[in-house]
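Enquirer: Handing you this structure, nothing more for now.
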Amino acid sequence: MQTLTAEILPQTIRQRPADSYKGTYGRIVLIGGNQNFGGAIIMASAAAVYAGAGLVTTLTDPSNQGSLHARLPEAMFADYHDDALLTSLVTGADVIVIGPGLGTDAPALATLKRVLALVTPQQTLVVDGSAITLVAEHRLTLPAVPLVLTPHQMEWQRISGIRIADQTEAANRQAVDRLHATVVLKSHRTEIYTATGTYENPLGTPAQATGGMGDTLAGMVGGFLAQFSDPTHAVLAAVYSHSAIAEELAQTQYVVLPHQITEQLPAFMKAHEAH
Ligand SMILES: NC(=O)C1=CN([C@@H]2O[C@H](COP(=O)(O)OP(=O)(O)OC[C@H]3O[C@@H](n4cnc5c(N)ncnc54)[C@H](OP(=O)(O)O)[C@@H]3O)[C@@H](O)[C@H]2O)[C@@H](O)CC1
Ligand SMILES: Nc1ncnc2c1ncn2[C@@H]1O[C@H](COP(=O)(O)OP(=O)(O)O)[C@@H](O)[C@H]1O
Ligand SMILES: [Mg+2]
């Protein structure tokens, strides 16, 4: 297992070319946020916007529209119950993040199945939170497209069948290879399994142990994937940045709130871009 270092940041985060525009930095849709968990998809969407994704659309329950726009006017809103709209937005996206606050009821399952059927190999699908639990509970087949899963240990137990106590590198690797996905296995020391390598994130703090922290990471992973060319670097740099910012804030804060990580992202990325 390789330990990540700050070198991943300039390897990934490039100076922006002068002749670029929003389309250069990717179209991303984020799907989730039921009537109870709107905050989760708003946090994920904010992380994607602040990470620099070019165009961000949030597909969520209509009850979240006002709070989404009050918090994040940069994001477009769409009702995830509207199948025609969902189809056209998912089809036009470079990156799709599904799961934060999606919930596990029948409409959530139907939305997930629809998205799994629509994605193509030209797109990247990030599967987080409730979407992982639904895939596991209903034994859904994941599509043969570039895939990133971001489970916490219990979500990983559900989808891999490996109990938390037995989640060793060797056992995890077998499950990752079966899933044909990059897996970000989140814990106090997050591990990232790609097709060819295994990485440990040396950073992170218990100040991060608060709801929404993973939703924020999922949005960052999506935002980095949307704009940076090497997908493995994008995932590794997003994980590293999330914890590095948290550690900086935790020097003076007892707890770090997920939206505070998001707010620090543009300055952090500027400080670490390659020249
Ligand atoms: N503001 C919002 O809208 C928010 C919305 N959210 C959304 O809620 C949805 C459900 O996500 P979820 O993670 O809260 O619940 P679930 O999938 O049941 O997992 C919890 C179970 O796993 C266990 N567990 C064991 N190890 C663990 C570990 N390392 N990390 C975490 N859990 C661990 C744990 O054990 P226990 O704590 O009971 O001992 C418990 O039994 C999802 O869509 C998410 O996006 C949240 O993000 C919060 C903010
Ligand atoms: N003690 C800790 N040390 C370091 N990182 C932590 C700690 N506790 C939680 N985290 C991080 O917080 C995030 C939690 O993700 P998750 O459980 O999916 O949260 P949520 O679904 O509430 O957004 C992960 O990135 C995890 O690595
Ligand atoms: Mg989560």
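Keep in mind that glycine also has a Cβ here, set from the backbone N, Cα and C atoms.
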Enquirer: From the candidates Asp215, Asp230, give the one listed by TrEMBL for the same (6S)-NADPHX site as Ala40, Gly101, His152.
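Expert: (6S)-NADPHX site check in TrEMBL: besides Ala40, Gly101, His152, the record includes Asp215 out of Asp215, Asp230.
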Enquirer: If TrEMBL says Lys186, Ser187, His188, Arg189, Thr190 bind AMP, which of Gly161, Gly214, Gly219, Gly222 does it name for the same site?
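Expert: The one candidate that TrEMBL places in that AMP site: Gly214.
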Enquirer: With Asp215 ((6S)-NADPHX binding site) as the reference Cα, tell me which of the binding-site residues Lys186, Ser187, Arg189, Thr190 is the closest one.
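Expert: Smallest Cα separation from Asp215 ((6S)-NADPHX binding site) among Lys186, Ser187, Arg189, Thr190: Lys186.
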Enquirer: Spatially speaking, which of the binding-site residues Ala40, Gly101, His152 is closest to Arg189 (AMP binding site)? Use C-alpha to C-alpha, please.
Expert: His152
Enquirer: For the recorded AMP site formed by Lys186, Ser187, His188, Arg189, Thr190, Gly214, which further same-chain residues have Cβ atoms within 8 Å of the site's Cβ center?
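Expert: Other same-chain residues with Cβ inside the cutoff are His152, Gln153, Leu185, Glu191, Asn201, Gly204.
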Enquirer: Would you list, in sequence order, the residues of this chain other than Ala40, Gly101, His152, Asp215 that have their CB within 8 A of the centroid of the site's CB atoms, where the site is the one recorded for (6S)-NADPHX?
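Expert: Near the (6S)-NADPHX site, beyond Ala40, Gly101, His152, Asp215, sit Gly32, Phe37, Met43, Ala44, Gly99, Pro100, Asp128, Gly129, Ser130, Gly211, Gly212, Gly214, Ala218.
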Enquirer: Filtering Ala40, Lys186, Ser187, His188, Arg189, Thr190 (binding-site residues) by proximity to ligand 3: which pass a Cβ cutoff of under 6 Å to any of its atoms?
Expert: none
Enquirer: To the nearest Å, how far is the Cα of Gly214 (AMP binding site) from the Cα of Ala40 ((6S)-NADPHX binding site)?
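Expert: Per the Cα atoms, Gly214 (AMP binding site) and Ala40 ((6S)-NADPHX binding site) stand 9 Å apart.
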